[in-house]
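Some notes on the structure that comes next.
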Amino acid sequence: MTISIKELTNHSYIDHQLSATLDSTEAFEGPEKLLEIWFYPTISNMKDPAKTLRSINVEKWVHILKLVQCEVLSIKSTKMMDAFLLSESSLFVYDHKITLKTCGTTTTLFCLEELFKIIKDELNWDFKNENGKLEPFKVFYSRRCFMFPAKQHSIHKNWSDEIEYLNKFFANGRSYLVGRNDKGNHWNLYVTDTNKMMIKESPQEQEEQPYNDETLEILMTGLNPNCAQQFVCNRDVKDIKNEPSTNNNKGDADDEGHLLGYNMTKKSGLDKIYNNVKDVSFHHDAFAFTPCGYSSNVVMDEEYYYTLHVTPEKGWSYASFESNVPVNHVSKGEQDNVQVLKHVLNVFQPKEFCLTFFSKEMSNESFTKLMNIVKQVTSYQKKDRIIYDLEDYQLLYMRFERSE
């Protein structure tokens, strides 16, 4: 599936001033902090399906994100979700859950108090138990070890401080250090117990979950310089003062940052990662940062996303790919996640990468194939392969280094 130029004209929101003035010269930390909160297991489990997370207006989300130290560049909306492209990565808002992914020195966890306050005020959702701790359906927080941890702010300098902060909010949280316990080669995970009191066994709920919930993440460092060069931009940052942002479509196709992001997507082939045999809907949003860097969101079949973020600077180059797209569904069985992985690796050709894969069962076809990819990525040597049984999810973690 390739993107068309119309993707530059169908934003539900775009901040032209931010797009023109955003200067990423000081950006340095690529690895993201990833927060995923399932407030309810499905829409049918909510108190009032007419009032959902998507009912909260954009201004409230902008306010929440300011606490994280990031801003909204643009939004693409579908029948099932809103995909926010941010100054530091992405936010995906569904009716019943959110995924927030932020890079740099963002303070991701500092949005929690205000987020749950707004949700209570706007939607009358109250997740506090008798001990005053929050018990939404499920919470995940994860990140790769930072390249420059000392430059992070406050609790984000240390994993132990982040966990202590999370435990102030949530009941029954557990943390894991996955991989080698050193400065540069591990991945951190925090997950709460599933609030099974929310689960309703019904035919309707089964219909809402036709595919096995799965998430693939590929985190790459030491990008091939020629590959990284594709994501360097020479446009000028403009000095625009007091120009209001807009949420209409006027002039969207002339937005240079988004236009260059579109061109980077086409040139690199990142719009062709999935073989869309089923011809599901395909919505794309991308941005090229000045002087370098790239972010993109793609929404397939109205409800599945894949997102990429690239910091191509020599010495600390980094790229990430995350997806909850059910590859077997969109490709009608003609593609699997091993092929997705190989496509992504070919674009960036990193010196080192790790992958994480979450699925409900180890019997998941992608889980089995990814677990045995050593012979499929012959340019790399496997350094770690770790499997965790996380109550109702299975986690596969693997790390590879390029062969000398």
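Cβ from N, Cα, C; glycine included.
Noted in TrEMBL for the protein shown:
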type	residues	note
ACT_SITE	SER89	active site, schiff-base intermediate with substrate
ACT_SITE	CYS103	active site, proton donor
ACT_SITE	SER295	active site, proton acceptor
ACT_SITE	HIS309	active site, proton acceptor
BINDING	PHE28, GLU88, PHE289, GLU313	substrate binding site
MOD_RES	SER89	pyruvic acid (Ser)
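Here the features listed in TrEMBL are painted onto the structure.
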residue : record                                               : Cβ neighbours (10 Å)
GLU88   : substrate binding site                               : 24
SER89   : active site, schiff-base intermediate with substrate : 27
CYS103  : active site, proton donor                            : 26
PHE289  : substrate binding site                               : 27
SER295  : active site, proton acceptor                         : 27
HIS309  : active site, proton acceptor                         : 26
GLU313  : substrate binding site                               : 19
> Considering only the recorded positions SER89, CYS103, PHE289, SER295, which residue has the minimal Cα-Cα separation from HIS309 (active site, proton acceptor)?
Replying inline: SER295
> Which of the recorded positions GLU88, SER89, GLU313 has its Cα nearest to the Cα of SER295 (active site, proton acceptor)?
Replying inline: SER89
> If H, G and I count as helix, E and B as strand, and all else as coil, what does DSSP give for SER295 (active site, proton acceptor)?
Replying inline: strand
>> I need the CA-to-CA distance for SER89 (active site, schiff-base intermediate with substrate) versus GLU313 (substrate binding site), whole Å please.
In response: 16
> Rounded to a whole number, how many Å is the Cα of GLU313 (substrate binding site) away from the Cα of CYS103 (active site, proton donor)?
Replying inline: 14
> Roughly how many Å separate the Cα of the residue listed as 'active site, proton donor' from that of GLU88 (substrate binding site), to the nearest whole number?
Replying inline: 5
> Which state, by DSSP, holds SER89 (active site, schiff-base intermediate with substrate): helix, strand or coil?
Replying inline: strand
>> DSSP secondary structure for the residue listed as 'active site, proton donor', reduced to helix/strand/coil, please.
In response: coil
